[in-house]
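For reference, the structure discussed in these notes is given below.
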Amino acid sequence: MSRQSDRPIATVALSPSVALWLLFLIGSMAAEYSVEQLPSPLSQLGEGPVWDVDTQSLYYVDINGAAILRYDYAENKTYSAKIDGVDPISPIILVQGKPGQYVLGTGNKIVLVNWDGRSERGTLVKTLYDLGESEKHVRFNDGKVDPQGRLYAGTMQLETLGDIMQQKEGKLFRFDGKAGGEFHLLKAGVSISNGLTWPENSNKFYYIDSVALDIKEYDVLENGDLQNETVFYDLRVDGKSPGYVADGMTHDNDGNLYVATWGGSKLLKINPKSKKIEQEIAIPAKQVTSAAFGGPQMDELFVTTAHTGNQDPPAGALFRVTGLGARGKPMDKMILRD
């Protein structure tokens, strides 16, 4: 029988970034999927990924870096551009029948821009809608296009005006796509308007206000209005915050939701029928902001992240997740009428 040594056990202090990488490696080794960092700039606040089937490219934004970006799948390269007078930027929206033109949110405005996808500068074409003086204290955040080609976009209070977690100045709007046309208010009293998605053949709309710590479900009327709000999934654990908030979101062809976690270093795959988490997808960055399916077979999940404070790389990188055994559908483009 051996006697336990009286010598102290040596310990090693790990930096937060090294500890995060170790947790990621342990998690990914036990998983069937793989995560790859793609060649891209490290975004201050990467967001809004949207896959374009026509160009086989992923478009996204760096909100605080005021940049629009395009990851070229064939070249395995990311291009980035800035636009004079357009700062911050979110979201980026593809326009049906108008390659090289994009709808952007910038501050409290929605604008149309030109970009060839390669140059370091894009150009402002015109303002499509301005929320006006009464909404100068907010900016657009996340936004997407529904299957009918209508833009849904939400706002949040400017970060410079105080704690964004302690206010409800944001709103969710629908824009039917005519320059100077009407913005339809769908929801007020929002803190941080974030993820939104419409699974096929469900007539359901899922929506995230990050501060609410849940995912809301709505029925969608023919005109695009929302009704019958319910809590689809509550992130709280025993009534308490899990230590992160939900951010951007997408879905696969089976209707499963993939929810990015700001502060959680992962995506949550949630089954719409059981309303339970089926899988946690570890990402080696603390602030995971959004995700979109893409690739030639639509079976690769692209993930945006942010780097804030003193976080080390690869925080802010663009990632690709493969081996999930799931597919998405081509993302809808906005129908923009003159």
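Each Cβ is built from the backbone N, Cα and C atoms, and glycine gets one as well.
Unlike curated entries, TrEMBL annotations are predicted automatically.
What you see is a predicted model, and the numbers here were worked out from it, not measured in a lab.
Per TrEMBL, the features are as follows:
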type	residues	note
ACT_SITE	ASP247	active site, proton donor/acceptor
BINDING	GLU47, ASN194, ASP247	divalent metal cation binding site
BINDING	ARG139, ASN141, GLU159	substrate binding site
DOMAIN	45-307	domain 'SMP-30/Gluconolactonase/LRE-like region'
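Using GLU47 (divalent metal cation binding site) as the reference Cα, a 10 A cut-off selects ASN141 from the binding-site residues ARG139, ASN141, GLU159. With ASP247 (active site, proton donor/acceptor) as the anchor, the candidate binding-site residues are ARG139, ASN141, GLU159, ASN194, and the one with the nearest CA is ASN194. Taking all protein chains in view, 27 other C-beta atoms sit within 10 angstroms of the C-beta of GLU47 (divalent metal cation binding site). Taking the binding-site residues ASN141, ASN194 in turn, the residue surrounded by the fewest other Cβ atoms inside 10 Å of its Cβ turns out to be ASN141. When the Cα positions of ARG139, ASN141, GLU159 are compared pair by pair, the longest gap among these substrate-binding residues is 12 Å.
For the pair ASN141 (substrate binding site) and ASN194 (divalent metal cation binding site), the C-alpha distance works out to 7 angstrom. Listed in chain order, the residues near the divalent metal cation site other than GLU47, ASN194, ASP247 are GLY48, ASN141, ASP142, ILE192, GLY195, ILE208, SER210, GLY248, ALA260, TRP262, THR289, SER290, each with its Cβ within 8 Å of the site Cβ centroid.
Taking the Cβ of ASP247 (active site, proton donor/acceptor) as centre and 10 Å as the limit, one finds 28 other Cβ atoms among all the protein chains shown. Taking the mean position of the Cβ atoms of ARG139, ASN141, GLU159 as the substrate site, the remaining same-chain residues with a Cβ inside 8 Å of that point are ILE63, PRO88, SER90, VAL138, PHE140, THR155, MET156, GLN157, LEU158, ILE164, ILE192. With a cut-off of 8 Å between CB atoms and residues at least 6 apart in sequence, the same chain places PRO88, SER90, GLY105, THR106, GLY107, ASN108, THR155, MET156, LEU158 near ARG139 (substrate binding site), listed in sequence order. A 10 Å cutoff on Cβ-Cβ distances gives GLU159 (substrate binding site) a total of 13 other Cβ atoms nearby, all chains included. Mean pLDDT, taken over the domain 'SMP-30/Gluconolactonase/LRE-like region' (45-307), works out to 96 on the 0 to 100 scale.
The two recorded residues, GLU159 (substrate binding site) and ASN194 (divalent metal cation binding site), show a Cα separation of 15 Å.
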